[in-house]
Amino acid sequence: MSPTDMKAVVFYGPHSIAIESRPIPKVQHDKDIVVKVSASGLCGSDLHYFRGHEVVDSAGFIMGHEFVGEVVEAGRAVTTVRPGDKVVSPFTVSCGDCFYCKLQNSSRCVHCQVFGSNGLDGAQAEYVRVPLADSTVVRAPPGLSDDALILMADIFPTGFFGARNAMAGLGAQDPTEAVVVVIGCGPVGLCAIVSALEYRPRVVFAIDSVDSRLGLAEKLGARPLDLKKGVPSIISAVQEVTEGRGADAVVEVVGQGPALRTAYDIIRPFGSISSIGAHHSAMPFSATDGYE
């Protein structure tokens, strides 16, 4: 491999990836940077591509949309970082100036690009190009390991976003009196639990069918509910502590219809469901169900 090439994980279609030599990316526009990757995460949405659950128009792109690394090249218009800085990147590129960015909805930026997609190569490679760097990457605080920093690229912010949205739906209710449920205790679900606990709710239930995940959730401070015992037992446990009303807020982190249906079954009237799982099937309840 020459000094102008790098190794990269390339997606060619469902169940078809390859490690290949690709040219090291260069700055193409004044607001670009190039990052030497030191850590790159594997997201559940990468598995959606791999398993064929999410169809792409064309393949041959480098995967990976959450990463940490060192800036090695910067365009002349970049002002917030410079070569030598360690940075953390979210999964999308954003401009910082459009309608959505100003509302802090940067994932819907009018100039949005997703790393690891047809439009923009990702970071499961030795180097990655980052457009619109000033409004996309964040300089990493000193003293944190790559293992800690990589959580802040996508995993923790997604869990935090889900918990924050669920708690925002409480309205006038005191958060410390709320009963919160997190469905799914994988990495993002555990981060949602940590985030929900910051609101000091009366109880946070954690639902999963994997014993080790339930154990981690319990260590964090959640009350585990084992899905293997059946949904009726979960409904009963939630109703027992809410005088039969149901949960005040639910964060659904699985991305499957049955999980979203469980959220619907355990939420109280006027409760808040925050669904951050990546869904590929029809809604498991109707508008009529919601009205009733």
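Note that Cβ sites are derived from N, Cα and C of the backbone, with glycine treated the same way.
Residues or ranges marked as Zn(2+) binding site in Swiss-Prot (evidence: similarity to another entry): Cys43, His65, Glu66. The number of other CB atoms found within 10 A of the CB of Glu66 (Zn(2+) binding site), across every protein chain shown, is 28.
Here Swiss-Prot flags Tyr49 as substrate binding site. Counting every protein chain shown, 21 other Cβ atoms lie within 10 Å of the Cβ of Tyr49 (substrate binding site).
Annotation comment: Swiss-Prot describes Gly184, Cys185, Gly186, Pro187, Val188, Gly189, Asp208, Arg213, Ile276, Gly277, Ala278 as NAD(+) binding site. Just so you know, the Cβ of Gly186 (NAD(+) binding site) picks up 18 other Cβ atoms within 10 Å once every protein chain is counted.
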Where Val188 (NAD(+) binding site) and His65 (Zn(2+) binding site) are concerned, what is their Cα separation in Å, rounded? 15
Using DSSP, would you call Gly184 (NAD(+) binding site) helix, strand or coil? coil
Please state whether DSSP places Ile276 (NAD(+) binding site) in a helix, a strand or coil. coil
Three-class DSSP secondary structure - Asp208 (NAD(+) binding site): strand
Please tell me which one of the binding-site residues listed here (Tyr49, Gly186, Asp208, Ile276, Ala278) sits closest to His65 (Zn(2+) binding site), measuring Cα to Cα? Tyr49
Looking at the binding-site residues Cys43, Val188, Ile276, Ala278, which one has the fewest other Cβ atoms within 10 Å of its own Cβ? Ala278
